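Accompanying notes for the structure given below.
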Amino acid sequence: SCDFAPSGSFSPFRRLPLPAKRKYMRSPLSPEMATQEVPLNETLAHLKTESETLKLKLEEERAKLHDVELHQVAEKVEGLGQFVMKTRRTLKGHGNKVLCMDWCKDKRRIVSSSQDGKVIVWDAFTTNKEHAVTMPCTWVMACAYAPSGCAVACGGLDNKCSVYPLSLDKNENLAAKKKSVAMHTNYLSACSFTNSDMQILTSSGDGTCALWDVESGQLLQSFHGHAADVLCLDLAPSETGNTFVSGGCDKKANVWDMRSGQCIQSFETHESDINSVRYYPSGDAFASGSDDATCRLYDLRADREVAIYSKESIIFGVSSVDFSLSGRLLFGGYNDYTINVWDVLKGTRVSILFGHENRVSTLRVSPDGTAFCTGSWDHTLRVWILMC
Amino acid sequence: MSPCSICKSYSMEEVIARMQDEKNGIPIRTVKSFLTKIPSVFSGSEIVQWLIKNLDIEDPVEALHLGTLMAAHGYFFPISDHVLTLKDDGTFYRFQSLCLSPSAVYLCKRTMQNKARLELADYEAESLARLQRAFARKWEFIFMQAEAQAKVDKKRDKIERKILDSQERAFWDVHRPVPGCVNTTEVDIKKSSRMKNPHKTRKSVYGLQNDIRTHSPTHTPAPEAKQPTEEELQHQITFWQLQLDRHRLKMSKVAESLVGYTEQYFEYDPFLTPPDPSNPWISDDTTLWELEASKEPGQQRVKRWAFGIDEVLKDPVGREQFLKFLESEFSSENLRFWLAVQEVKKRPIREVPTRVQEIWQEFLAPGAPSAINVDSKSYGKTTQNIKDPGRYAFEDAQEHIYKLMKSDSYSRFIRSSAYQELLQAKKKKSKNLF
């Protein structure tokens, strides 16, 4: 925290001294108790020190290869001009805070979920609602579209992830066909189908991620390593890879091997919760957004943070991030109701977008990169495009 | 615009504290109006100007937006309006000093009184110490409020009373907003348990009240740190050791790669290059999507296949063309194997054992009709794996085949006349394509 110099009589920066008398301290341990406890504490302390030392050594090794900054290398790249981005569609229909959304592979349909338990499937191009389902719980924090476009998954405070097949018959009751797939011991924070309708990857407030077989509900693999709630995840875009990245309240971003369940890389440079992680389109890097009001870029080959996207005037947390198709632009949805657009290579902000009347809670670029969609606590979703 | 290196992230409270600084903050004054005095105010434009100057903001619109958020959260308020918004004009505003944590302020006030008999008892001192830790950065603000309240208690001056009344009213404007206004006290449920109980402590005699708002709108308290077990620490140590052995690339190489990738895909990014014929969202014309779905790939799409084998593999038309080419050479078994293994990973787990056997028979078993060549190590591992077939039974073999295709079949495909024809196709029959 900051240290302000004391000044004047009416100073808001004066630190309150702690009380002089410390009568509330417990009496010292009796000698017998002391000898019993020492060996165990010593082993733990020793291990802790060893772990800390190795961690520091790793930071040193990582820093050794830091011969240049990304924005320096990017100086030779032509600057981006003025950007005018506007809302092209506004989707109204949720009765409460929109918490999550996902695009269908057809590039026009989306699924969204809200605090009042409603999950809606829209044709965002026409703004028509195509399906709606009411979940038995409030705060549906996660939703995802299946690759086939024939199902959606969602969950939240119910600690589960459920799959609803989408019927062509609009009159059919979607809720009747609901399939319960994932079971966590705390809230579901995010879910994503793999490249198949048959597997779902989930993250939870219980500190774990898990891979599930949709048909049977069987747990295929679990991922342990976060020290607190996991808030987000993203699958690597590779055709061959079996990895994904997760971010949590422990300020860590972890890269996982889906086959073994092992954490293969870990990054801890944020100062607060990581609310969103998204891979750079080549799969060699990923971006994160945090409550510390910054977005950061981590490269997997360099094994370190390679850029920070922040400004003094941005003091509210980032809820959600995504890249444009080429990876040149990073879009961030913030808790101050705005969207900031960053030049990923040069590290500068190219645009700030106003429009939502409350927090932006979710943001995704469409599958072909022609637009991006945001969801907000103001109950609406907006589709944004570049005006040219 | 300069790129940011290490930018310090201020919390809302820190910015407010800076705004209230005697030397560098917003000048607060008493305004004479007709027969009355309006104490302790500053104007909307002064707030906007201060934000622009002190937070390095270029656009007044941005400053106005941030200032409006501060008003919506109740840190300052318009003295003559219930709607908490900021106007860039002569409208008068006042800082809120009513707390946010009545118990913290009360204890703080008590310590300011220099009378021996009012000294804090032990449990109160303990409470105070806990609250100070819990509020951390916010403590300056609480201290200031305690001082302000203590002053008021002493003086009971008409003017001070006036100030306090307006602050009380504004306090409720935050907690019970005017209909239509955002309730800024709402919290994300994922963080809310930490907001209410920053430190879960045993219930003391004094008792930590569930204070009305103990959270900052911009900063989330860190979650309770669990002490790691011996096993967890061992695991951590192994992990760090593995990480140390990792091969890392230099930043310069990585940066070149990132720059190269974005440059290569610049023309494919609709946010950088308008798509051809048009962006459906702008023109309301879905031709672009119809072209994508058609079997005839456009030149730009075909060009992309040359960027790397993944581009061919992820485009269904690319896969089809690649397969067609290999079939014409009678060397399609590698790609077919790769595709089959991708397929089996997409199936429900129940179907996996059967599918694995089918693939084994077709591609790897002795006398397989579409025999593929894998290195002996991978072959050995695969033979073991199929005894207990799982989704990753062919992982090693698949990796080997992928590398083979990348260096051999893929390069031949890109150099082939079949591919070159597709690349030129648009130029040849551009008018007849659709």
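The backbone N, Cα and C atoms fix where each Cβ goes, and this holds for glycine too.
Curation does not apply to TrEMBL; its annotations are automatic.
Per TrEMBL, the features are as follows:
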REPEAT    A:91-132  repeat 'WD'
REPEAT    A:181-222  repeat 'WD'
REPEAT    A:223-266  repeat 'WD'
REPEAT    A:267-308  repeat 'WD'
REPEAT    A:318-352  repeat 'WD'
REPEAT    A:353-388  repeat 'WD'
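For the repeat 'WD' (A:318-352), the residues of the chain that approach it from at least six positions outside its boundaries are 70-71, 73-75, 77, 79-80, 83, 85, 275-282, 287-291, 293-295, 297, 307-309, 311, 358-365, 368-369, 372, 374, 376, 378, 384, judged by C-beta separation under 8 angstroms. Residues 138-145, 147-149, 152, 154, 156, 164, 166-167, 170, 174, 190, 358-359, 361-362, 364, 366-368, 370, 373, 375-383 of the same chain lie 6+ residues outside the repeat 'WD' (A:91-132) yet bring a C-beta within less than 8 angstroms of a C-beta in it. In terms of DSSP helix, strand and coil, the repeat 'WD' (A:267-308) has 0 helix, 23 strand, 19 coil. The helix, strand and coil residue counts that DSSP assigns across the repeat 'WD' (A:318-352) are 0 helix, 21 strand, 14 coil.
Residues in the repeat 'WD' (A:91-132) partition by DSSP class (helix H, G, I; strand E, B; coil) as 0 helix, 24 strand, 18 coil.
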